[in-house]
Amino acid sequence: RKDDSLQYEQNLILFPSFLIATVQFSLLSGLACGAMVVVHITRSSSYNPGSVIGNVTRDALKQGFQIAPQPPYLRVISNSEPRWVELSPAGILTTQMKIDRDVVCRQNPKCIISLEVMSNSMEICVIKVEIEDLNDNAPRFPTSHIDIEISENASPGTRFPLEGASDPDSGIFGVQSYSITPNELFGLEIKTRGDGSKIAELVVQKSLDRETQSHYSYEISAEDGGDPPKIGAVQLNIRVIDSNDNNPVFDEPVYTVNVMENSPVNTLVIDLNATDPDEGTNGEVVYSFNSYVTEKTREAFKIDPRTGIITVNGVLDYETTQIYEIDVQAKDLGPNSIPAHCKVTVNVMDTNDNPPVISLLSLNTEMVEVSENAQRGYVIALVRVSDKDSGANGKVKCTLQGNVPFRLQEYESFSTILVDGRLDREQKDTFNLTIQAEDSGIPQLRATKSLVVKVTDENDNPPHFLKPHYQEMVMENNLPGSCLLAVSAEDPDLGMNGTVSYSIVPGEIKHMDVNTYVSINPSGRIYSMRSFDHEYTRTFDFKVLARDNGNPSLSSNATVRIVVLDVNDNTPVMTNPPLVNGTAEVSIPRNAGVGYMVTQVKADDYDEGENGRLTYTISEGDRAFFEIDQVNGEVRSTRMFGENAKSTYEITVVARDHGKPSLSASAYIVVYLSPDLNAQETIGPVNLSLIFIIALGSIAAILFITMIFVAVKCKRDNKEIRTYNCRY
């Protein structure tokens, strides 16, 4: 990439500071590991969103990576920092946001973004982008001044730890040295802590005399290793105090101890001892952490101020922090005490407390599909196994369990599951794979992950309805758009071959397009397109077509019958006696007896069953004089009308159906009493009927006698003259 390097180096003129991103391509094709190429790209440290880091497709092709000619060329299956970078389907690596290494990686010596991509030919490419640091931060002290007290009898060589400066930059761009305003009494000694950071200790170089000078002020400067270096400063205030005969002294200036992670609270870390030969309060020693010990350290450990015993105070996790450095001071309770200092380095020891974690880097982490025509070596899934523990505790071996036509191929940072045998869906269409990862710790910890592999087939099965005929009962007056029923067809094929869509077969219902009656959605739910009327349409049939999305597609159909049930939606209508504005007038003789039929009320109801069965009642009016048959509606008198009876009577007759809710109609009937009729009329309806029956019987008897007479006469004539042919 010589040409690119020259091109990017020109950017150094435009930007005052720059960031170097080292992009490494690890190419894995099938079972072989390709060569690694390192590309150096120079960019501005601002790294605005959308900045192009590199063309992965172009560089991968140069290394022999197999990429199909049509996009998408590459698919990202793993990205350690999706917030920072993204890879387009065309293989262009760009930034997602402004990159600031100091925010995420802090002072870690390595800051790497790792991507794993797969081509459309199932080859795998590993991309590692290393973000190198810039010296864009100056050292900074936590406070604006440091105040310390020193006894006037402090001998030359006495040391006092100072609170160090911090620098978000890493490596050489972090704090490298400290300096103090030149003077003859005090100097600085630089020490390196276990984590690589630098701290300074104030060293007394000459004897002090409080009576000569009791206060000193100097400037402490912290300098990083940049070119040019950046500097941070703090004011140091020293107060010389009266001497205390003897000061505490630790047995050792530095202690190193090991503590197992996950140790319970109050576990002993170390028992410090500082001696002071004085008696009384002058010899009573009190222990404490230095003021600049971090809050994180104070949460993890505590110190007994009387005994100097340091114990565990919180959770120790090797995977989070491997080393703690604790600065401890011991001070007697006498006046003008000079504290003694020591450093305790606590190494947190790893235990095998984290089982391996198995991650599937597939689009579907629970199930993958593979064609039965897949060849040996075809990659069906990527597996990453990680273990937070270190050493043997974190060394993991991954295996594929069972006798299956697949195998596991392990690489440095991941593994692939490959086809390793002939697949035949007609013999077996599903494989349940179990991946087992086991570390080398004591005791060994293991984890398993299941993966379902489905073998896809050709489109050789049409959809099959669960039932060839469907019938649904629907109440009339339904709301248009309401769901009537759902049909379902199954297709044993997979993918698009097994994806079924539904439609209504074209047809007519009562000379109208079936689609004006019903519709169906792709999932098989059938909806009404109109409100059905039982009195107009009691049943109708149509066909539903189920079609898969294979190529060519296959289909089948089922018959659906909709039965429209009656609801009580028709009000009874009065048909007899004729009504005028809801009122009917009838006349009866004044001398009508009990049981005389005044009139017969009739009503029609277009509903069926109980919804159309009517019951008649008299609801209002002169109910004491009349009664009504609830079934046939005949209204009869219940008493005699005397000479003093009024000339008109009024009743209200109601015809009510038996639906729920019940509907009704009413008729207002006015009954007039007419003058007395003649004798024939006064016979009443019962006597007239009897006379009519007697008359009919008499006529029938006369006809019968006549027929007998004729028959006898014909027989007699036949005997006398045999050739005579009697015809009547």
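Each residue, glycine too, has its Cβ placed from N, Cα and C.
Per TrEMBL, transmembrane segment is recorded for 12-39, 688-712. Annotation source TrEMBL lists domain 'Cadherin' at 65-141, 142-250, 251-358, 362-465, 466-574, 580-687.
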Arithmetic mean of per-residue pLDDT over the domain 'Cadherin' (142-250): 87
Secondary structure composition of the domain 'Cadherin' (65-141) [DSSP: H/G/I, E/B, coil]: 4 helix, 30 strand, 43 coil
For the domain 'Cadherin' (251-358), the number of residues DSSP places in helix, strand and coil: 10 helix, 47 strand, 51 coil
Structural state census, the domain 'Cadherin' (466-574) (DSSP three-state): 7 helix, 52 strand, 50 coil
Residue counts (helix, strand, coil, in that order) that DSSP gives for the domain 'Cadherin' (142-250): 3 helix, 54 strand, 52 coil
Counts by DSSP class (helix H/G/I, strand E/B, coil) across the domain 'Cadherin' (362-465): 4 helix, 52 strand, 48 coil
